[in-house]
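Engineer: Take a look at this one; I'll ask things after.
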Amino acid sequence: MAWSNQSAVTEFILRGLSSSLELQIFYFLFFSIVYAATVLGNLLIVVTIASEPHLHSPMYFLLGNLSFIDMSLASFATPKMIADFLREHKAISFEGCMTQMFFLHLLGGAEIVLLISMSFDRYVAICKPLHYLTIMSRRMCVGLVILSWIVGIFHALSQLAFTVNLPFCGPNEVDSFFCDLPLVIKLACVDTYILGVFMISTSGMIALVCFILLVISYTIILVTVRQRSSGGSSKALSTCSAHFTVVTLFFGPCTFIYVWPFTNFPIDKVLSVFYTIYTPLLNPVIYTVRNKDVKYSMRKLSSHIFKSRKTDHTP
């Protein structure tokens, strides 16, 4: 069936997280702090990795790109959500809604591929250490990053190819703080069951399969690491544990939401907040709290910046 976009709906109303005025003021302050911390934390990782020569390795190159994606993922909807806490009319245009969904799936798809790439990097480093630099060459790392963005773009376009032409004639209330595909297609004036099945197969099941494969991959890596007792193995165990935590935090909410798109659970809003805001905030903490190299480089960078400012202000 071909649909033409003769929608009566020109904008969508975002119901947000709460209708309580007191809670909205609290959310405004809370999420403003969280968003600022997310951007600054991920930006600090990107700058630290770019400026420190001893961090110019495949693992940190991929980590820097992950931080950039996380920073972008936290920015596609959060600034508008924060501003909407102070607005009575929480609306978004049809084009703005489609744009939000495009960037959500672009960044989500890119992050999935990048997390798989980071898993592959750890597998090669631990299971094939003698061939690590040969396999994880600069060309390979750049190729993996480019591949992640290509997959993200194609995934986003595949999700919107049919959605953008659906007729929307009311109601126009989206029960979330941003436009998410499962919620938006429910508002269409036609039966979207087939589109929902397509969404399950391209988003939900892919996320679930990738998550299972990553769990198996990290299990193999951790078993290999546990068989060793050297200091290097202890460091590898710490690194892989951090990677596995990030994978779980990202894939858990995504899988739950997109495997059951026909059912709207009360916890869906919480999960949406988790993988679009909290996970990008926690990733810098998870990757740096037990990583001595990154913490040392951050202290060195901060000290250099502080000394430069002090010198500039000295008469």
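Even glycines carry a Cβ here, placed using N, Cα and C.
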Engineer: Check whether Swiss-Prot assigns GLU22 and THR163 to the same side of the membrane.
Structural biologist: yes
Engineer: Starting from each candidate's C-beta and looking 10 angstroms out, tell me which of the disulfide-bonded residues CYS97, CYS189 has the most other C-beta atoms.
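Structural biologist: Of the disulfide-bonded residues CYS97, CYS189, the highest Cβ count within 10 Å belongs to CYS97.
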Engineer: Okay, the transmembrane segment (140-158) and the transmembrane segment (236-258): do they have at least three CB pairs under 8 Å, pairs separated by 6 or more?
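Structural biologist: Contact between the transmembrane segment (140-158) and the transmembrane segment (236-258): absent, because fewer than 3 Cβ pairs are under 8 Å.
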Engineer: Which whole-number mean pLDDT does the model give the topological domain 'Cytoplasmic' (50-57)?
Structural biologist: 87
Engineer: Should the transmembrane segment (26-49) and the transmembrane segment (196-219) be scored as in contact, given a threshold of at least 3 Cβ pairs under 8 Å and pairs 6 or more apart?
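Structural biologist: No, these stretches are not in contact.
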